[in-house]
Structures are given as structure tokens and as C-alpha cells.
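Working notes, beginning with the structure itself.
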């Protein structure tokens with residue numbers, strides 16, 4: 001069982017460094033200046049990382065035929081090449097690259113993110129079959145700390161120079177995932193299942209406490225007044241590294257307990273233990289039936305894309321999580337247009353709240369498992385999208401408080417939708433073909449990034465032309481964009497509840513059969 005918990009800790013570490021695309025806003029303005037590109041071209045660069053998800057299904061196929069450690073290393077190498085060459089370009093170590101070279105390299109790096117994500121999902125789902133929603137949510141929540149971790153490292157290494165910060169960000173994007181993937185590769189196994197021998201309640205409770213403490217630390221140190229006034233930068237970085245190692249407490253304690261008790265995880269020949277095991281297994285299975293109630297059927301991608309439920313789900317995600325990601329990708333330019341200088345602080349804040357958003361579904365699943373009988377995953381996504389609608393309209397107010405509040409709400413809702421979507425894919429289409437099915441779903445992210453992002457960039461350029469300045473400054477830059485995004489989010493919320501109604505109907509039909 002210690003190895004089972006250790007595999008979950010490994011996925012947490014992998015997710016914490018796999019959000020390399022989330023720190024793009026922190027250096028996007030400098031990249032725009034260096035490359036002398038327009039706002040539209042900059043938006044396309046922000047979307048390029050998402051475009052890599054169009055081929056994310058390849059990682060699902062690879063995970064079905066090759067060892068997970070190999071899939072993991074392939075993903076990190078794609079990131080090394082994609083971001084590494086960009087770093088060498090900014091450091092004047094390679095000859096001049098064109099805009100389209102940078103674009104394709106970013107697509108390559110974005111595809112690498114899919115490979116690492118796929119491995120993390122599969123490990124959590126297969127190693128915790130009776131609690132897979134909780135394990136997946138715990139794991140994916142740590143990607144919300146990614147931008148925070150990278151920003152803290154850059155704050156220590158290059159605290160002032162914008163040019164140096166851009167280089168360090170790209171260097172970290174290329175090297176750090178490779179290092180962590182290499183360390184975690186031996187733990188990338190999907191055949192570790194101790195969930196049938198003992199309840200995992202105590203371990204999950206500890207994990208929740210550790211994860212919440214980590215998130216609170218990230219949020220508090222993301223607030224400029226707290227982080228810079230009371231704690232030096234290197235102390236904040238040391239604290240972030242420390243909280244990432246805290247989850248090791250669970251497998252270490254489990255290992256010590258196993259040694260002290262001097263018994264194996266499953267003792268088949270011990271009749272007394274088998275009786276206890278059967279009782280606990282029965283309890284776990286009963287809980288699993290509550291969590292997994294409503295899984296309609298196991299289908300592949302070809303059948304899935306012919307279902308009405310898939311397309312409803314596709315557009316719900318498009319007008320929810322994808323729209324939130326587009327906002328976060330444009331956060332640097334949005335802050336600049338409003339005269340807000342705290343872009344890095346905003347990025348860290350959105351990352352930290354995204355962390356709690358991704359964690360929230362697992363907390364609800366764990367403490368209120370019967371809720372799944374009342375509300376489907378699609379219904380939960382709709383309820384989560386409702387606050388996002390208000391946040392987009394709140395951005396019409398030009399005060400910095402509105403910007404920070406809206407960014408926090410969009411961050412937490414986007415994180416929650418992303419986490420819930422993993423369980424939704426399982427609920428609607430099963431676990432057998434999850435690696436391919438879910439990557440087909442998230443292919444809407446690059447589509448939305450280009451559509452929503454490019455339209456926002458066109459409106460931004462129109463506002464800049466009216467003012468006659470190099471950069472667009474004022475409410476005219478994104479006012480229309482926020483109204484359109486808010487209306488689309490309202491539409492997505494309505495579609496989510498339609499999907500909820502259809503899902504509940506399918507559940508009843510399936511249960512009768």
C-alpha cells in the first residue's frame with residue numbers, strides 16, 4: 001500500500017510542474033516586444049500550446065501499448081525541445097527563428113503536456129479503482145500550483161529584469177519537467193492496487209489536510225502585500241518546495257506501519273485477516289457503488305463522437321473551462337490594458353485558486369458521496385459555471401479589486417470544471433478507453449483558444465487603433481469581449497443542465513436494464 005500512495009504522490013509532483021503553459025501571461029508582454037508581433041499573433045502563440053492538444057489522443061494510444069514510464073519521458077522530451085529551442089533563441093545561442101518556428105515549437109511543447117497528463121490520469125484511475133474520482137482530483141489539483149512554483153523560482157533568480165525573467169521562464173519550462181519526470185518514471189506504474197486490502201480513509205484524510213495547507217500557503221503568498229512585505233522571496237520558494245514534499249508523509253507512515261506490523265498488504269493464507277479484508281472490501285465496494293452510480297456504458301471514440309451527449313458535453317466544456325483558460329492566457333494583456341502592474345501576482349493568484357477549484361470536487365465526493373445520486377457530473381459542471389458568468393460581467397468594472405476578484409472566481413471555477421470533467425468522461429463513456437476519449441474531448445481547448453482569443457485580439461487592436469497608442473489602454477480594450485464571454489458562459493451553463501437531464505434519464509434506463 002505504501003507504493004500505492006507513493007504513485008499518487010508522484011502524480012502530484014508531475015502535475016505541479018506540468019502547467020508550463022499557465023505561466024505564459026507572466027512573460028507574454030516581453031515576448032511580444034522581442035518578436036515585434038501584433039496582439040493577434042501573440043494570442044495565437046498563447047493558443048499554440050493548446051493546439052498541441054489536437055493530437056493529444058496519440059498519447060492515449062501510446063499509453064495503451066507502451067510502458068507508462070516511456071510515455072512520461074516522451075512527454076518531457078517534447079517539452080524540452082519545444083521550450084528549450086525558444087530559450088536558446090532568446091539567449092542568442094541559435095540563429096534567428098521566425099514567428100512560425102516559435103509557433104510550431106510551442107505546439108510541440110503543448111502536446112508534451114498531454115502525454116504527462118495522460119499518465120497521471122491512468123495511474124490515479126487504475127491504482128485507486130474504488131476511489132478514482134478522489135485520487136484524480138487530488139492529483140490534478142496540483143497543476144494549479146504550477147504557475148505559482150515557476151513564478152517563485154523566477155522571482156528568486158531574476159526578480160527585476162523583464163528580459164531575464166522571460167529567459168528563465170522558458171529555461172524552467174524546458175528543464176524542470178524533464179528532471180521531475182525522470183525522478184518519477186520508476187513510480188509510473190498502473191498495476192499497484194492496495195485499495196482492496198484496506199480502507200484508504202485515513203490516508204485520504206491526511207492528503208486532504210496537506211493539500212489544503214499547500215493551497216492556503218500558495219494563496220497567502222500570492223497576495224503582494226503579504227508575500228513581499230513579510231516574507232523574502234527565497235523563503236516563499238523554500239516554503240513552496242516544502243509543501244510539495246509534505247504528501248510523502250502518507251506513504252512513509254504507511255511503510256513504517258507495514259514494517260512494524262510485519263505483514264503483507266494482502267495475506268491470502270490468513271483466514272482471520274481474510275475475514276476482515278472481506279468486510280472492508282464490502283464496505284469499499286458499497287462506497288464505490290455510490291460514487292460510480294450512473295456509469296452508462298463503455299464505448300470508444302468512434303461511437304462517442306456520434307452521441308448527442310458528447311456534443312453537449314463538448315460545448316459545455318468549450319463555454320466553461322476553455323473560456324476560462326482563454327481569459328487566463330490573456331491575463332497579462334488584460335492587466336496591462338487596465339493599468340495594473342501586478343501581472344505576476346495575478347498569475348500566481350489565478351494558479352492558487354485554480355488549485356482549490358480542482359480540489360473541491362474531490363472533497364465533495366469524499367465527504368458527501370450520496371450527492372452523486374442527486375446531481376450528475378454534468379449538473380455539477382453547470383453549477384460551477386454559474387459564478388463564472390458573473391465574474392466576466394464584473395470585469396466591466398475597471399477597479400483593480402474587480403480584476404482580482406474575477407480572476408480568483410474564474411480560476412477556481414475553471415479548475416473545478418477541469419477536475420469534474422475527468423469524472424464526467426468516465427460517467428458518460430467509461431474507463432476502458434478513457435485515455436483516448438478524454439483527449440478527444442479536450443481538443444476543444446485549441447479550437448476555443450483560437451476562436452475566442454483571436455476575436456478578443458481583433459477587438460483589442462481596434463481599441464488600440466482608436467487611441468493611436470502602441471498598446472490599448474482603457475476599458476474599450478476588452479469591454480465587448482467580456483460581455484460576449486459572459487453570454488457564452490451563460491449558454492454553456494444552460495447546456496450543462498440539459499446534459500444533466502439527459503444523463504439522469506440514461507442512468508435510469510441503464511439501471512433498469
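A Cβ is built for glycine as well, from the same backbone N, Cα and C atoms used for every other residue.
Look at TrEMBL and you will find 4-252 tagged as domain 'Nodulin-like'. Sequence annotations record features per position, and here TrEMBL assigns domain 'NFD4 C-terminal' to 292-507. Feature annotation from TrEMBL assigns signal peptide to 1-19. Look at TrEMBL and you will find 66-90, 102-124, 168-188, 200-222, 234-253, 310-328, 348-368, 380-398, 404-429, 441-460, 480-499 tagged as transmembrane segment.
The transmembrane segment (200-222) makes contact with the transmembrane segment (234-253), as judged by at least three Cβ pairs under 8 Å among residues 6 or more apart in sequence. Among the recorded stretches 380-398, 404-429, 441-460, the one sharing the largest number of Cβ pairs closer than 8 Å with the transmembrane segment (348-368) is 404-429. If you take every residue in the domain 'NFD4 C-terminal' (292-507) and average the pLDDT, you get 83.
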